[in-house]
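Going by TrEMBL, these are the annotated features:
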TRANSMEM  31-50  transmembrane segment
TRANSMEM  70-91  transmembrane segment
TRANSMEM  112-134  transmembrane segment
TRANSMEM  154-175  transmembrane segment
TRANSMEM  230-252  transmembrane segment
TRANSMEM  272-293  transmembrane segment
TRANSMEM  305-326  transmembrane segment
DOMAIN    335-385  domain 'Cationic amino acid transporter C-terminal'
TRANSMEM  338-356  transmembrane segment
TRANSMEM  363-380  transmembrane segment
Amino acid sequence: MVGAHIPGTSMTLFSCLRCDGSTKESSKVNMVLTAVHVAFILFIIVMGFWRGDARNLTHPADPAHPGGFFPNGVGGVFSGAAMVYLSYIGYDAVSTMAEEVERPARDIPIGVSGSVIIVTVLYCLMAASMSMLLPYDAIDTEAPFSGAFRGSDGWGWVSNVIGAGASLGILTSLMVAMLGQARYLCVIGRSGVMPAWLAKVHPKTATPVNASAFLGLLTAALALFTELDILLNLVCIGTLFVFYMVSNAVVYRRYVVGPTGSSTESGDRQPSAWPTLAFLLAFSLIALSFTLVWKLAPEGGRTRVGLLSACGAAAVATVGAFQALVPQAHTPELWGVPGMPWVPAASVFLNVFLLGSLDRPSYVRFGFFSAAAVLVYVLYSVHASYDAEESATLDGAKVQDEACRV
């Protein structure tokens, strides 16, 4: 079985699912809601291409606005990509259901990869259909699809159908997110990193009832008191940062097994972590340099093109040198990221570049919440986690048993 290990704990998600893996009822509801939601999406795509006009892809509604297929240039595309990156969160929820499938080592990678591909195709088709319905400068930012049909002769009913589908989509997304996040809190609470109260599992439903209730109240409070744009920016920058860290972790996990200087089961010493850490740091700095040149250098100048080309060449050379000089220390037995280290390196580069497209207030808010999380971890979690108790360095750990009893 597979599980997602939480840094700072010695519990895996698999152990939490073993206690509260009773998700058959919620899974059936999610399947029905998801099927209906996909039907709404296909309906929107069909209506968009049917009623749309390809001329809207290149001609703005107001001639005073820039036209063409890229009205705001390549920079506008990447700025938009950074803002909609939140669309790619939630796929980790598939891994939380590891015990709900018969062959998790095979089905989980297929489920994650397949869902990413399907959603990407649907997302692109919806964007294309929306752009064909209306020129980009005439799209209602509050309700783009339903607004496109509002007031249209004989097609007003489509607006109501799309509004109902959007409401259903929000409900489906919330249910799936709550399903995965509650299990994260369960295992974190059992380890003591968060209050052990969150690890309580209902004896009849075998679900993390306290974690679910806490998440429901917290989500409702955020939705009630916080502006949507602020939340979206926080989610975007948080998602980009997490993906950046995961990409680095994939490289580290593949090229460094265990702590530096430790021994393997066969008696061989583990490879040093310094070459891998030096590569990750150097590559991140190159990606950051590329981003800063892209953002700050004047457009159209040869200096800008030269610096961008130099950064790109340095990035390729760094990855190539690392691949040639540092052998992989770990080979996955069942499934692993292909094209190492090029694929995770490309992910690191892209995430750093998209992070540079976000505005300053987003970084301020992200820094504030990150600092608050670090303080909670340092002042409470380290002392309470049973990892510390196992190492006999600190007291106060809250250990739960196999039945998840608090």
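Just so you know, glycine gets a Cβ as well, placed from its N, Cα and C.
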Interface check, the transmembrane segment (154-175) with the transmembrane segment (31-50), three or more C-beta pairs under 8 A: yes
Secondary structure composition of the domain 'Cationic amino acid transporter C-terminal' (335-385) [DSSP: H/G/I, E/B, coil]: 39 helix, 0 strand, 12 coil
The domain 'Cationic amino acid transporter C-terminal' (335-385) [mean pLDDT, rounded to integer]: 86
